[in-house]
Ligand code: FES
């Protein structure tokens, strides 16, 4: 691949470094690929440093360390230090499991800017059930330690049918923990969440009720705690501008070095995603087939092609179009203008039927034994 002088290609701004697919938790809504066990290789420290340097050189400013669980990497402080030297704003996206006070101090000294801790529910029983691992008490302690060491306390709770009834308690828990930011992220149905959708998707009534409670709380704690309620797109009639447009802003590097235009792109057929071991970030971003696949508007079919909203939503999410219609060129079926919009209602109906069924279906937890089935 040669370098590019295409003026229409803007540089990446956000780099998501998925350091490892290893994770001590087993959340059934994880967005990692179902078959992640097929990719056990991980980039070495020097490879990651080169990736960070090259992306920064192109203009990336925000860096997320995620996974799996990024804390499983022993070289995390070294990578954080490198990111600080390069001038990134760095964010650790963690389950908190395995984080200790000594590690927080070490990461702070290395220059980490931000820590986001996830909690699965407001009670130990449900948290530990969803996480598939006993972790509630430790997460509570970690949240307090993050605050103690001068970080803004950013709590993330993924919302789904198993915990949506706890909305009032989740809000109270976040306030009691002194959270500065609470992200209530309605599950996005990719990866493991898609496989478990019938068991995780709440009803519209549940969504509306939960949103009402969250909005009221937002007013109550205004100035003290910021609440972000991430709207579930199955109950919208226009799609999200996924990734802010393909190949415009976001660059994800998977643990084995595969560069992805979005975190789920590994599931799309025929993209030939390049590996950072073979190409520079500039070559990948500017020239690779994968990053140019859905850039701009030429790839669009109707109704997106002639739609007057295409510059706002870019046809929605390519992965959602593929997962739900079998064709990644289709309009995101969330859009009411899509001829496939009915598949959204079918998914909602199927989830409702599962919820009402007498026989309980088990969740598929995200672990390597289950991953080998895919
Ligand atoms: Fe892949 Fe939306 S998650 S394009």
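Positions of Cβ are set from backbone N, Cα and C atoms, glycine also.
According to TrEMBL, the features are:
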{"type": "BINDING", "residues": "23, 27, 30", "note": "[4Fe-4S] cluster binding site"}
{"type": "DOMAIN", "residues": "9-224", "note": "domain 'Radical SAM core'"}
Around the recorded [4Fe-4S] cluster site, report the further residues of that chain (criterion: Cβ within 8 Å of the mean position of the Cβ atoms of 23, 27, 30; site residues excluded), sequence-ordered. 25, 26, 28, 29, 32, 68, 95, 192, 366
Residue 23 ([4Fe-4S] cluster binding site): tally of other CB atoms within 10 A of its CB: 24
Non-local Cβ contacts of residue 27 ([4Fe-4S] cluster binding site) (under 8 Å, 6 or more apart, same chain)? 120, 130, 131, 132, 158, 192, 365, 366
